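A.B. asks: A single structure is presented below for examination.
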Protein chains: 2
Amino acid sequence: MTFTASPQSLHFEAPLPLQSGASIRGYDLSYETYGQLNAERSNAVLICHALNASHHVAGVYPGQERSEGWWDNMVGPGKPVDTNRFFVIGVNNLGSCFGSTGPMHVNPGTGQVYGAEFPVVTVEDWVNAQARLLDALGIGQLAAVMGGSLGGMQALSWTLQYPERVRHAVVVASAPNLTAENIAFNEVARRAIVTDPDFHGGHFYRHGVVPARGLRIARMIGHITYLSDDVMNEKFGRELRAAVVGNGSGYRFSTQDVEFQIESYLRYQGDKFSEYFDANTYLLITRALDYFDPARAFGGDLTQALARTQAKFLLVSFTTDWRFAPARSREIVKALLENRREVSYAEIDAPHGHDAFLLDDGRYMGVVRSYFERIAQVQA
Amino acid sequence: MTFTASPQSLHFEAPLPLQSGASIRGYDLSYETYGQLNAERSNAVLICHALNASHHVAGVYPGQERSEGWWDNMVGPGKPVDTNRFFVIGVNNLGSCFGSTGPMHVNPGTGQVYGAEFPVVTVEDWVNAQARLLDALGIGQLAAVMGGSLGGMQALSWTLQYPERVRHAVVVASAPNLTAENIAFNEVARRAIVTDPDFHGGHFYRHGVVPARGLRIARMIGHITYLSDDVMNEKFGRELRAAVVGNGSGYRFSTQDVEFQIESYLRYQGDKFSEYFDANTYLLITRALDYFDPARAFGGDLTQALARTQAKFLLVSFTTDWRFAPARSREIVKALLENRREVSYAEIDAPHGHDAFLLDDGRYMGVVRSYFERIAQVQA
């Protein structure tokens, strides 16, 4: 069932103008492709990633255990996004720490590692960079662009920035912008990183250290918001990691030791994350989330903002997702319908919170499968 | 309308046995009283405080601006808990940093500042200490014990530890225990404090520093969970602190500067808190929250746990409180009803999240006022 993935890379010398007014030149984009581009070049599907993912969407790397792509349950031969029919492209975004040019790479303008000087990149900038990659691959129009969470924002932005280049957009567990609460959680995570003495203003590479304390806190906060209260209670509840025998409560009565299983889980997730994720990337990606707001230029009117779209849409949300709640997806659905766009919307009753978009759920997978089957039939 | 409050203190030489098996001796409890104890000593009301509060429940300190007690809208002459009728006692809990013996005080056993050696205290321990204070004040039975959030846990615990000493318990915005998500947020806050290099294993006093970075993060997390998503959107939304003129978005495009108003608000709250709150106290109080779980000794059966109660109850919850959601209060109501206790329950439709228990809301204040009027009439 598994297949082999081969990461590739393309170098772009020409400067890419960024939304901030800055630009970036001499950058690389890492990507992977699965399946075959048809003769008409009409079966390409672009998959956009969220915070902690990459161009490695599906398949495995030979000889590497547990190297499945992050959406391997969704993309592959016979999977909902069927690589026997579609030519699927995964691309790592600029500023990431998984292959494409990011803060840990050398700025060709200065010969120094970017660090905190890496330019602020937005969802719109990523989409522009992805469009250049498609140009280089000879793909004019996408059969579909698809993403979850921050990836869903990119999919939505594609339909606004390149309306004629997208036939379908699949936007999962996403939102037309972040709420104040979303921004607040991002800000706490950023403060934890930036105020870690090992951050050194973003130039920690020079000091041979990593702001691991801050990254751990950031990841712990993230994890809480990815899960639902219900699934946390079911998975961990108030279970103790190692109950003390012969004392009535089982508590160790400590303020610093791990007492509850949920604490152990969060510490583990935080530790693991701090070993591989780049702190500057964390700042950049959370800011891209904060900044995304296509309605902003239209005085907050999302219907007006989405008038430019030409694509057909599938939106999916999950009932227990409190980070990107169903109501946020419904805002997009409503604005698209007001523009008389063709929209399918599925609200999946899943217990797993925001994380649900990465997990197997029969109804969720079924909806995506049917939608892509329809795309395949139309173009066949 | 305001009246003057006078903090008092009592010294307790005899060791207080703690739930952990440790004990504490030679400690002080700070408290305030408002109103007059009647001849029958039957009109005493004990107010229990939550994380960031103290014995200073109501009134002002002469010459100090904005020194109103933390529940001054609730307690005072003519207020819902009317000090013309009731003798109200506020007490600062052991381990706090507002007057009663805490981690920054000297351990009489060692002659050293307690710091991280301050014993772990639980809700039950606090109630035992409060009971000793009442003994010293000559109060056998309380007309009522009242508290919100962690204070509500103390009120509930009073009815279990000293059933015959409590006629009424008023439990506001509380829960029979913390959920995994609640514990998770507490744990992230604790990790932020403990991993701050200025924490020095809890002995930062000796080093002349304070783990301000950790305290700021802890407070920011706390603040997000006290507010509802709705009220955050209403108060802050996606408003920028200082929009850049002449650029389409208004964004400054920075990962570290304040961009949104919500960020500015959270940073300010974090900074303020870190200047006065003790880090060891933060660990102790959040652990007391984690540990409270009266049903634990009964295999999780809250109905069995509450069989000991003799008091009458008023429970209040707030619809948008996701930290201590109405469903958690209803669990208590249900368990009390199954024990055929007399219970009043009000679920207040308020937009302010957990913070609502400290704010003015006509219906909330009205419910508490009516309940205390009934108590006053019965004893008159």
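Here, residue 1 is simply the first one shown, and the rest follow in order.
Using N, Cα and C of the backbone, Cβ positions are placed for all residues, glycine too.
TrEMBL lists these features:
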| type | residues | note |
| --- | --- | --- |
| DOMAIN | B:43-359 | domain 'AB hydrolase-1' |
| ACT_SITE | B:Ser149 | active site, nucleophile |
| BINDING | B:Arg219, B:Asp355 | substrate binding site |
| ACT_SITE | B:Asp321 | active site |
| SITE | B:Arg323 | site 'Important for acyl-CoA specificity' |
| ACT_SITE | B:His354 | active site |
A.B. asks: At a 10 Å cut-off from the C-beta of B:Asp355 (substrate binding site), count the other C-beta atoms across all protein chains.
C.D. replies: 21
A.B. asks: If one measures from the C-alpha of B:Asp321 (active site) to the C-alpha of B:Arg219 (substrate binding site), what distance in angstrom results, rounded to a whole number?
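C.D. replies: Per the Cα atoms, B:Asp321 (active site) and B:Arg219 (substrate binding site) stand 18 Å apart.
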A.B. asks: Near B:His354 (active site), how many other Cβ atoms are within 10 Å of its Cβ?
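C.D. replies: A 10 Å sphere around the Cβ of B:His354 (active site) contains 23 other Cβ atoms.
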A.B. asks: Take the C-alpha atoms of the residue listed as 'active site, nucleophile' and B:Arg323 (site 'Important for acyl-CoA specificity') and report the distance between them in angstrom, rounded.
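C.D. replies: Each residue's Cα considered, the residue listed as 'active site, nucleophile' and B:Arg323 (site 'Important for acyl-CoA specificity') end up 9 Å apart.
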A.B. asks: Over the domain 'AB hydrolase-1' (B:43-359), what is the model's average pLDDT?
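C.D. replies: Mean per-residue confidence for the domain 'AB hydrolase-1' (B:43-359): 97 out of 100.
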A.B. asks: Enter the number of other CB atoms within 10 angstroms of the CB of B:Arg323 (site 'Important for acyl-CoA specificity').
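C.D. replies: B:Arg323 (site 'Important for acyl-CoA specificity') is surrounded by 23 other Cβ atoms within 10 Å.
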A.B. asks: Distance check, please: Cα of B:Arg323 (site 'Important for acyl-CoA specificity') against Cα of B:Asp355 (substrate binding site), rounded to an integer number of angstrom.
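C.D. replies: Rounded to a whole number, the Cα-Cα distance is 10 Å.
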A.B. asks: Reduce the DSSP letter at B:Asp355 (substrate binding site) to three states and note it down.
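C.D. replies: It is helical.
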